[in-house]
Amino acid sequence: MRQRVGRSIARAKFINTALLGRKRPVMERVVDIAHVDSSKAIQPLMKELETDTTEARYKVLQSVLEIYDDEKNIEPALTKEFHKMYLDVAFEISLPPQMTALDASQPWMLYWIANSLKVMDRDWLSDDTKRKIVDKLFTISPSGGPFGGGPGQLSHLASTYAAINALSLCDNIDGCWDRIDRKGIYQWLISLKEPNGGFKTCLEVGEVDTRGIYCALSIATLLNILTEELTEGVLNYLKNCQNYEGGFGSCPHVDEAHGGYTFCATASLAILRSMDQINVEKLLEWSSARQLQEERGFCGRSNKLVDGCYSFWVGGSAAILEAFGYGQCFNKHALRDYILYCCQEKEQPGLRDKPGAHSDFYHTNYCLLGLAVAESSYSCTPNDSPHNIKCTPDRLIGSSKLTDVNPVYGLPIENVRKIIHYFKSNLSSPS
């Protein structure tokens with residue numbers, strides 16, 4: 001009996017330390033109710049639990065509420081020209097040594113920066129910059145794809161997704177789209193295909209999850225190489241990634257719901273035109289619950305902190321659901337407040353995660369996409385392709401006069417339609 005008890009205690013300690021990642025025990029604080037408003041229905045005695053997460057949220061919340069209080073009489077506005085300066089400089093200078101870790105994310109940086117410029121103003125991506133992007137990408141992959149994170153690096157689904165997105169923003173300048181090796185990319189996608197319906201992100205060492213599926217389907221749609229061979233088993237894989245919360249995890253049956261994975265799954269279902277194959281009501285509930293009432297922005301998982309990037313990862317998922325007729329599930333005005341008040345800083349250009357954080361290219365792009373979603377309404381014809389999603393300004397919400405974006409692809413609507421139309425006019429077989 002003592003041995004069993006001992007094993008149970010040891011197992012509990014292991015779970016608490018190794019699996020739950022407790023760095024210190026949960027603290028209990030007794031609240032003195034003598035100073036509490038007796039008119040409110042409260043238990044005679046309550047204990048408030050403290051964790052690293054609750055302490056971190058308290059600090060963020062104090063910063064956010066202070067900003068809202070200080071700026072309450074000021075109409076929020078996007079400081080476009082300030083952010084443009086930050087983005088333009090990236091194409092003119094060598095990036096500092098502390099950004100060496102992004103060496104394997106070169107296509108991503110091109111997409112984040114170029115997309116941010118185009119979302120703020122469709123004319124802000126100059127022809128000279130487009131040519132620089134094209135030259136860089138075809139230096140990474142002289143054959144025209146698939147693309148790695150940099151020259152000499154392994155081809156990767158995420159890098160190829162970012163590269164195709166970046167090329168779509170270049171408006172086929174100098175005929176650059178004809179340099180894309182659609183046949184080579186198609187054969188590579190087939191080689192990444194797994195029996196369970198997923199895709200490895202990299203042929204040699206890649207993982208398999210919902211991100212890989214979304215990247216593969218987005219690439220294939222934009223290049224007009226989507227086939228039944230590519231989509232076989234994908235729907236079943238995605239359905240099994242929706243968990244009891246309503247959102248989607250990375251893999252079937254094993255993960256908690258996460259904003260990034262949920263976006264990848266939702267956008268993939270839109271591309272497959274199979275949104276009705278999942279529990280949409282639970283997905284709407286989960287998406288709505290990610291918006292924090294006090295902060296007004298989104299978090300990515302239950303009991304996590306607000307983060308500007310989820311303005312698109314969760315907000316974009318909600319916009320896709322809205323487009324397909326499932327209604328609006330979050331407060332767009334509140335999200336707009338969070339982005340404009342809390343993700344901008346007067347002294348530093350670019351957009352950021354939350355107050356106290358530094359701006360970066362990643363958060364600049366996804367905060368801007370989230371802002372575009374918050375200021376728009378979405379619709380589409382039943383059974384229509386997701387690239388035909390319609391976007392109209394929401395007249396009840398202020399406008400930053402951003403470019404209309406397609407929430408499925410994270411790109412301006414006109415660029416999505418332009419590249420898809422171009423390759424649909426090119427009737428050559430990808431296989």
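The backbone N, Cα and C atoms fix where each Cβ goes, glycine too.
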For the Zn(2+) site that Swiss-Prot lists with Asp307, Cys309, give the additional residue from the candidates His258, His358, His363.
His363
Please classify the secondary structure at His258 ((2E,6E)-farnesyl diphosphate binding site) using three-state DSSP.
coil
Taking the Cβ of Asp307 (Zn(2+) binding site) as reference, which residues of that chain separated by at least 6 in sequence fall under 8 Å from it?
Gly297, Phe298, Cys299, Gly300, Asp353, Lys354
Of all the recorded positions given, namely Trp108, Cys309, His363, which is spatially nearest to Gly260 ((2E,6E)-farnesyl diphosphate binding site) at the Cα level?
Cys309
Write out the long-range same-chain contacts of Arg301 ((2E,6E)-farnesyl diphosphate binding site), meaning residues 6 or more apart in sequence whose Cβ is under 8 Å from its Cβ.
Glu256, Ala257, His258, Gly259
As a test of the contact definition, list every same-chain residue at least 6 positions from Cys309 (Zn(2+) binding site) whose Cβ is closer than 8 Å to its Cβ.
Gly300, Asp353, Tyr362, His363, Tyr366, Cys367, Gly370
